[in-house]
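> I am attaching a structure below and will ask some questions about it afterwards.
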């Protein structure tokens, strides 16, 4: 709103005019009378009206937004003050006070005119302080009044006929008690209220001036009245006065007691009200927490009674409460172990009873041989296989190879895609594997890298899926393709995309490293084909207690790069998946290398498989130019830069020229990547330690040509298909022949030319044997220095100076998994108190795991599992001994009758057996005595030989001669920890934990002995097994320390078991 031009300069903008509403102000009338100022008045009026509206609006908002409680109290005080001020300013109150004063004056005048005024008590006497009367004086006065009343009554009866009654006094009788008199007509105003007293005391005047209520505290007291002669009064006046006085006295006595009782009741009510107010003012949060504490106490008592613990009563000592707390801690530890055991079994897929499941029937034989194939005899078929890179088949009733795509019986959509891709004829592995798979046979396909193995199992899979009804909801996939690496799974998924579109088949790629929620969503929508890694497939099958997906409809399983998959430790996951699939499902295994040791595992999974081998088991393609250079490690990087420069000059006309550099470690890949970046080369690194997103982005950029160089570990040696890849450099030599074949196979794919250069140092001579073998198999040139290195190492092996390198992908992951299983079982048995079947790791080194041959007989699996209640630690018992701890813990078992006979020498045992055969009896007691003496003498002889005869014989000769150590404690316990897992031992014996244990328990804890591996026992006279010695003069402290150590070992054992479960799927230096 614009400002008025007539605003006064001495006022603020929002303040009203001081004389705006003051009608008595002279300027007001003059302003109205002055016509020249009329417009200004109107402007000021409108301005002030708008200003008042704004002020009222602000006042309303403040009232609405005010603090309720505070403002109410403030307004209450304000209203009371305003009411008091208003009563003081009101003229009506003054008139009422004047009327009361006039009524009091009339009352005094009437009292003066009354005849009773002659016996009025002097006000000075009435105002005197009362003198307390004794009981005798009260009785005497009452008796005198009674006699006076009798005389007056007798006089009245004698003169009742003749005497005329005197007029009664209209004045009220004199008040003889401390209570105020009852109101009469003289003491009432015109409206029936008592008049104001004429002579109020100064105290009453001051209280009336300060307070708005005329309330005063009244004291009940009796006045000491003077005696009077009843003869002075005539007529009934004396009677009335005396009787009224007597009644007043009686009423006063009664009122004193009544008032005291009422005051006591009032105080009790006030106390009750205060308590009620205190209860009402209690904080709701405090009340809620108090109720929770009571409920917790009740629940703890109920749990303690249910568990058989003694519940401590109120006022019990802290010792009983400490025992209950220790029991609770132990229960929590056992619950923690049960939870860990449940988690370890969470991803377990128990095999179902296939005989009780009604599976849908399916068809897996689709191949119908064409006429030209039917007319071909076996000799012609062998010639065709020989022309196609020497195809070798093992198995019965193998189909004949096919040379054109139309003879496979594929859908028309697949043929259109094949024509669009420009594939003229099938490759060797495709010509033989596709007819075999489409005939419904289990197949093992072994072919060189880049030979089209992926299409060899994809086309039969699509025909197989197309024959069945679509998947609806969460029925599960029809076909499952498993690969060892995420990159290979993604590549298979991309390669089958063109076929999926034309056939209207849904597929999902489920690999680790990404969120599982997307995979779960895809499974719920339904997918006929799932391309996955084994670990992620297990996660999907166990997600939400198996309600996400299942493999009941799965009838086609592919394991690509099967040997690498088992070598990386995927055997448990793969076997779980296969055991859950129906036994009649079709299974296919493909790989470029398939060692003979893997055949037993393959035949365990497959049923009468056909083994198809193209070009040898581990052979580099002839299109690849292989070069091997022997040089020192310091010169490798310089030579690498020279090769990159030379190749760049040779292929400068080619825009798409890619290079793949292999190293053996993730750190080496990152270091070499940084070195190449500093030299100006655009490159990327690829290894298992990188996130999945980074790995996918690196492969995508490499295939697109944005990054021409990639430094990778062997994680990229499988399935990476880049047609423009012309150069592969093995910066670090591969450690076995199969790895060399797969690394070199990344180039020269689909008939293209490629180059593979390998660096090997003199320190890596053990790898030279496999490289020479691979070069010989592929008929490549072998350098002289490499041949000399290989022959030298073979000579060392023959002489026993060196050990041969590993044979590559031979299933070493299976042995590693088996060892881990033994470690886990041993840890569980040790933790649960059973060490009878503990085995030494050294006894399992180099052991060959036997595989049972696959049979057609199906046996329902055992589904009985131990419950979680078995995971308890009740077997952990430690004896608390009353006495000082021994100086040395014996490493040999204590002699007892159970092991008495077993501990005898071989000659003694032979003599006993001979005596039994001859029928001679042997007394058990005599035998025990003899055995004890023999054992003692044998030990003494051994000790003398070791030079310990004096130390061992002295205690035996004089057992009581040993003096007690003044620092020895009264109680001790020995807690053995040698057989617990390493994580549990470390957790119980680290410095911080030992300090904490001593502070909590108050006992002394020291570590004795040394660690012995499982299966190894201490030698005679050697240090005992690792244990903890607990000492204290208080038994409760020793017991508390034992319980605390027990809890720590339980938690450490749980963590060790979980670590073994997590590490089961990953092993070796190859990470997924």
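Quick reminder: no glycine exception, Cβ is built from N, Cα and C everywhere.
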> Which range is it, out of 345-373, 374-402, 403-431, 432-460, that shows up in Swiss-Prot as motif 'Q motif'?
403-431
> So what pLDDT does the motif 'Q motif' (403-431) average out to?
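Here the mean pLDDT over the motif 'Q motif' (403-431) amounts to 89.
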> Just to be sure I understand, if DSSP states are collapsed into helix, strand and coil, how many residues of the compositional bias 'Basic and acidic residues' (136-159) fall in each?
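Summed by class, the stretch gives 23 helix, 0 strand, 1 coil.
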> Cβ under 8 Å, sequence separation of at least 6 from the ends of the motif 'Q motif' (403-431): give me the contacting residues as numbers and ranges.
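Residues packing against the motif 'Q motif' (403-431) from afar: 366-370, 372-373, 384, 388-389, 391, 438, 445, 447, 451-453, 455-456, 459, 462-463, 466, 498-499, 502-503, 612, 614-615.
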> For a three-state summary based on DSSP, what are the helix, strand and coil counts in the motif 'Q motif' (403-431)?
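Split by secondary structure, the motif 'Q motif' (403-431) comes out as 18 helix, 0 strand, 11 coil.
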